[in-house]
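Please find one structure pasted underneath; my questions will follow.
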(Lines of atoms letter the chains of each structure in order from A and count residues from 1; the text may use other names and numbers.)
(Lines give C-alpha, C1' and ligand atoms only; values in the text may rest on other atoms or scores of the structure.)
Protein backbone atom coordinates (compact mmCIF):
# COMPACT_ATOMS: atom_id res chain seq x y z
CA UNK A 1 0.00 0.00 0.00
CA UNK A 2 2.84 2.40 0.84
CA UNK A 3 4.54 1.78 -2.49
CA UNK A 4 1.33 2.41 -4.34
CA UNK A 5 0.55 5.59 -2.41
CA UNK A 6 3.99 7.20 -2.80
CA UNK A 7 4.79 6.01 -6.30
CA UNK A 8 3.37 9.23 -7.77
CA UNK A 9 5.84 11.36 -5.81
CA UNK A 10 8.90 9.19 -6.67
CA UNK A 11 11.31 10.18 -9.47
CA UNK A 12 10.69 8.38 -12.71
CA UNK A 13 12.87 6.79 -15.32
CA UNK A 14 10.63 7.06 -18.33
CA UNK A 15 7.28 5.78 -17.12
CA UNK A 16 8.65 3.57 -14.29
CA UNK A 17 8.92 5.04 -10.77
CA UNK A 18 12.29 4.58 -9.03
CA UNK A 19 11.41 3.52 -5.50
CA UNK A 20 14.56 1.60 -4.46
CA UNK A 21 17.45 2.48 -6.78
CA UNK A 22 18.48 5.93 -5.44
CA UNK A 23 22.11 5.72 -6.54
CA UNK A 24 21.43 6.70 -10.14
CA UNK A 25 19.49 9.91 -9.30
CA UNK A 26 21.25 13.11 -10.38
CA UNK A 27 23.85 11.50 -12.66
CA UNK A 28 24.25 11.54 -16.40
CA UNK A 29 22.64 8.09 -16.64
CA UNK A 30 19.18 9.65 -16.17
CA UNK A 31 17.44 11.50 -18.91
CA UNK A 32 17.59 15.16 -17.86
CA UNK A 33 19.90 14.41 -14.88
CA UNK A 34 22.72 16.56 -13.45
CA UNK A 35 25.81 17.47 -15.56
CA UNK A 36 29.03 15.51 -14.86
CA UNK A 37 31.43 18.27 -13.73
CA UNK A 38 34.12 15.78 -12.73
CA UNK A 39 34.74 14.75 -16.32
CA UNK A 40 35.07 18.37 -17.48
CA UNK A 41 37.59 19.24 -14.73
CA UNK A 42 39.71 16.19 -15.50
CA UNK A 43 39.72 17.12 -19.20
CA UNK A 44 40.91 20.68 -18.40
CA UNK A 45 43.78 19.34 -16.25
CA UNK A 46 44.87 16.95 -18.96
CA UNK A 47 44.90 19.75 -21.56
CA UNK A 48 46.99 21.99 -19.31
CA UNK A 49 49.54 19.29 -18.62
CA UNK A 50 49.85 18.58 -22.35
CA UNK A 51 50.47 22.29 -23.11
CA UNK A 52 53.15 22.42 -20.40
CA UNK A 53 54.93 19.39 -21.82
CA UNK A 54 54.89 20.86 -25.33
CA UNK A 55 56.30 24.15 -24.13
CA UNK A 56 59.10 22.55 -22.13
CA UNK A 57 60.08 20.41 -25.10
CA UNK A 58 60.17 23.41 -27.45
CA UNK A 59 62.21 25.49 -24.94
CA UNK A 60 64.79 22.76 -24.39
CA UNK A 61 65.08 21.84 -28.09
CA UNK A 62 67.95 22.96 -30.37
CA UNK A 63 65.71 25.43 -32.16
CA UNK A 64 64.76 27.07 -28.89
CA UNK A 65 68.41 27.43 -27.90
CA UNK A 66 69.28 29.11 -31.22
CA UNK A 67 66.32 31.49 -30.87
CA UNK A 68 67.41 32.52 -27.38
CA UNK A 69 70.97 33.15 -28.56
CA UNK A 70 69.70 35.32 -31.42
CA UNK A 71 67.57 37.37 -29.04
CA UNK A 72 70.55 37.97 -26.77
CA UNK A 73 72.68 39.09 -29.71
CA UNK A 74 70.11 41.58 -30.95
CA UNK A 75 69.58 42.96 -27.36
CA UNK A 76 65.83 42.66 -27.58
CA UNK A 77 65.49 42.67 -23.78
CA UNK A 78 67.39 45.94 -23.42
CA UNK A 79 65.29 47.53 -26.14
CA UNK A 80 62.10 46.44 -24.43
CA UNK A 81 63.27 47.87 -21.12
CA UNK A 82 64.33 51.13 -22.77
CA UNK A 83 61.00 51.42 -24.57
CA UNK A 84 59.10 50.87 -21.34
CA UNK A 85 61.24 53.43 -19.49
CA UNK A 86 60.93 56.02 -22.27
CA UNK A 87 57.18 55.48 -22.33
CA UNK A 88 56.96 56.02 -18.59
CA UNK A 89 59.13 59.17 -18.74
CA UNK A 90 57.15 60.46 -21.71
CA UNK A 91 53.91 59.99 -19.82
CA UNK A 92 55.39 61.85 -16.83
CA UNK A 93 56.57 64.70 -19.08
CA UNK A 94 53.12 65.02 -20.66
CA UNK A 95 51.51 65.11 -17.21
CA UNK A 96 53.94 67.82 -16.05
CA UNK A 97 53.23 69.89 -19.17
CA UNK A 98 49.46 69.68 -18.58
CA UNK A 99 49.90 70.74 -14.95
CA UNK A 100 52.03 73.72 -16.00
CA UNK A 101 49.43 74.79 -18.57
CA UNK A 102 46.62 74.64 -16.01
CA UNK A 103 48.64 76.75 -13.57
CA UNK A 104 49.37 79.38 -16.25
CA UNK A 105 45.68 79.59 -17.23
CA UNK A 106 44.63 80.14 -13.63
CA UNK A 107 47.27 82.82 -13.17
CA UNK A 108 46.15 84.61 -16.35
CA UNK A 109 42.53 84.74 -15.13
CA UNK A 110 43.54 86.68 -12.05
CA UNK A 111 43.76 90.43 -12.52
CA UNK A 112 47.26 91.88 -12.24
CA UNK A 113 47.93 93.74 -9.06
CA UNK A 114 48.27 97.49 -9.50
CA UNK A 115 51.51 98.92 -8.15
CA UNK A 116 51.04 100.92 -5.04
CA UNK A 117 51.63 104.64 -5.58
CA UNK A 118 53.24 106.39 -2.71
CA UNK A 119 51.29 109.43 -1.69
CA UNK A 120 53.35 112.55 -1.62
CA UNK A 121 52.94 114.30 1.65
CA UNK A 122 53.06 118.05 1.32
CA UNK A 123 54.03 119.77 4.51
CA UNK A 124 51.97 122.90 4.99
CA UNK A 125 53.46 125.52 7.15
CA UNK A 126 50.99 127.15 9.41
CA UNK A 127 51.22 130.88 9.18
CA UNK A 128 50.89 132.71 12.43
CA UNK A 129 47.87 134.95 12.24
CA UNK A 130 46.47 137.29 14.81
CA UNK A 131 43.33 135.94 16.49
CA UNK A 132 40.06 137.60 15.57
CA UNK A 133 38.26 139.32 18.40
CA UNK A 134 34.49 139.59 17.98
CA UNK A 135 32.50 141.61 20.45
CA UNK A 136 29.22 139.91 21.23
CA UNK A 137 26.34 141.79 22.85
CA UNK A 138 25.36 140.83 26.34
CA UNK A 139 22.74 138.14 26.31
CA UNK A 140 19.65 138.28 28.41
CA UNK A 141 19.96 135.94 31.37
CA UNK A 142 17.74 132.90 31.02
CA UNK A 143 16.99 132.59 34.72
CA UNK A 144 15.41 135.80 35.96
CA UNK A 145 14.79 136.27 39.67
CA UNK A 146 11.11 137.03 40.15
CA UNK A 147 10.34 138.65 43.48
CA UNK A 148 6.69 138.47 44.58
CA UNK A 149 5.62 140.51 47.60
CA UNK A 150 2.41 139.61 49.41
CA UNK A 151 0.84 141.00 52.58
CA UNK A 152 0.52 138.53 55.37
CA UNK A 153 -3.05 137.84 56.58
CA UNK A 154 -3.99 139.16 60.02
CA UNK A 155 -3.75 136.86 62.97
CA UNK A 156 -6.72 135.11 64.53
CA UNK A 157 -6.75 137.36 67.62
CA UNK A 158 -6.83 140.53 65.54
CA UNK A 159 -9.79 139.28 63.49
CA UNK A 160 -11.72 138.40 66.68
CA UNK A 161 -11.18 141.88 68.10
CA UNK A 162 -12.32 143.65 64.95
CA UNK A 163 -15.47 141.50 64.55
CA UNK A 164 -18.78 142.50 66.14
CA UNK A 165 -20.03 140.36 69.05
CA UNK A 166 -22.13 137.35 68.02
CA UNK A 167 -25.87 137.67 68.82
CA UNK A 168 -28.39 134.80 68.38
CA UNK A 169 -30.93 135.34 65.62
CA UNK A 170 -34.57 134.25 65.28
CA UNK A 171 -34.46 133.27 61.62
CA UNK A 172 -31.96 131.20 59.67
CA UNK A 173 -31.98 133.60 56.71
CA UNK A 174 -30.06 136.88 57.29
CA UNK A 175 -32.83 139.06 55.79
CA UNK A 176 -35.39 137.68 58.27
CA UNK A 177 -33.07 137.57 61.26
CA UNK A 178 -33.82 139.69 64.35
CA UNK A 179 -31.72 140.07 67.44
CA UNK A 180 -32.85 138.04 70.47
CA UNK A 181 -33.02 139.45 73.96
CA UNK A 182 -30.66 137.72 76.34
CA UNK A 183 -33.38 136.90 78.97
CA UNK A 184 -35.51 134.83 76.46
CA UNK A 185 -34.37 131.52 75.07
CA UNK A 186 -33.82 131.27 71.32
CA UNK A 187 -36.53 129.37 69.47
CA UNK A 188 -37.18 128.61 65.83
CA UNK A 189 -40.72 129.54 64.86
CA UNK A 190 -42.15 127.56 61.94
CA UNK A 191 -45.34 128.18 59.99
CA UNK A 192 -48.14 125.63 60.21
CA UNK A 193 -47.86 125.07 56.48
CA UNK A 194 -44.21 124.08 56.80
CA UNK A 195 -44.97 121.05 58.96
CA UNK A 196 -45.19 117.80 56.96
CA UNK A 197 -48.64 116.12 56.78
CA UNK A 198 -49.14 112.94 58.81
CA UNK A 199 -48.40 109.69 56.96
CA UNK A 200 -51.42 107.67 56.00
CA UNK A 201 -51.10 104.50 53.90
CA UNK A 202 -52.94 104.66 50.60
CA UNK A 203 -55.51 102.00 50.03
CA UNK A 204 -55.38 100.34 46.64
CA UNK A 205 -58.59 100.56 44.63
CA UNK A 206 -57.77 97.41 42.66
CA UNK A 207 -60.27 94.65 43.52
CA UNK A 208 -58.78 91.37 44.54
CA UNK A 209 -59.96 88.69 42.16
CA UNK A 210 -59.25 85.03 42.43
CA UNK A 211 -58.13 83.17 39.32
CA UNK A 212 -61.00 81.72 37.38
CA UNK A 213 -60.66 78.02 36.93
CA UNK A 214 -62.31 76.43 33.95
CA UNK A 215 -64.11 73.18 34.16
CA UNK A 216 -63.11 69.93 32.53
CA UNK A 217 -59.60 68.80 31.66
CA UNK A 218 -58.32 72.40 31.54
CA UNK A 219 -59.25 72.94 35.19
CA UNK A 220 -57.57 69.69 36.20
CA UNK A 221 -54.41 70.75 34.34
CA UNK A 222 -54.51 74.17 36.05
CA UNK A 223 -54.80 72.47 39.47
CA UNK A 224 -51.75 70.27 38.72
CA UNK A 225 -49.51 72.82 36.99
CA UNK A 226 -50.75 76.09 38.50
CA UNK A 227 -52.01 79.30 37.01
CA UNK A 228 -48.54 80.86 36.73
CA UNK A 229 -47.65 84.54 36.53
CA UNK A 230 -50.14 87.06 35.18
CA UNK A 231 -48.93 88.92 32.12
CA UNK A 232 -49.66 92.68 32.13
CA UNK A 233 -48.85 94.84 29.10
CA UNK A 234 -48.23 98.55 29.63
CA UNK A 235 -47.39 101.12 27.04
CA UNK A 236 -44.95 103.78 28.09
CA UNK A 237 -43.84 106.81 26.14
CA UNK A 238 -40.35 108.10 26.64
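The backbone N, Cα and C atoms fix where each Cβ goes, glycine too.
According to Swiss-Prot, the protein carries these features:
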- 34-54: region 'Amphipathic alpha-helix essential for membrane lytic activity' (REGION)
- 36-53: region 'Involved in endosomal membrane lysis' (REGION)
- 67-76: motif 'Nuclear export signal' (MOTIF)
- 153-156: motif 'PPXY motif' (MOTIF)
- 187-212: region 'Disordered' (REGION)
- 219-230: motif 'Nuclear export signal' (MOTIF)
- 233-236: motif 'Nuclear localization signal' (MOTIF)
Which sequence positions outside the motif 'PPXY motif' (153-156), separated from its termini by at least 6 residues, show Cβ-Cβ distances below 8 Å to it?
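Distant contacts of the motif 'PPXY motif' (153-156): none.
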What is the number of residues in the motif 'PPXY motif' (153-156) that are helix, strand and coil, as DSSP sees it?
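The motif 'PPXY motif' (153-156) comes out at 1 helix, 0 strand, 3 coil.
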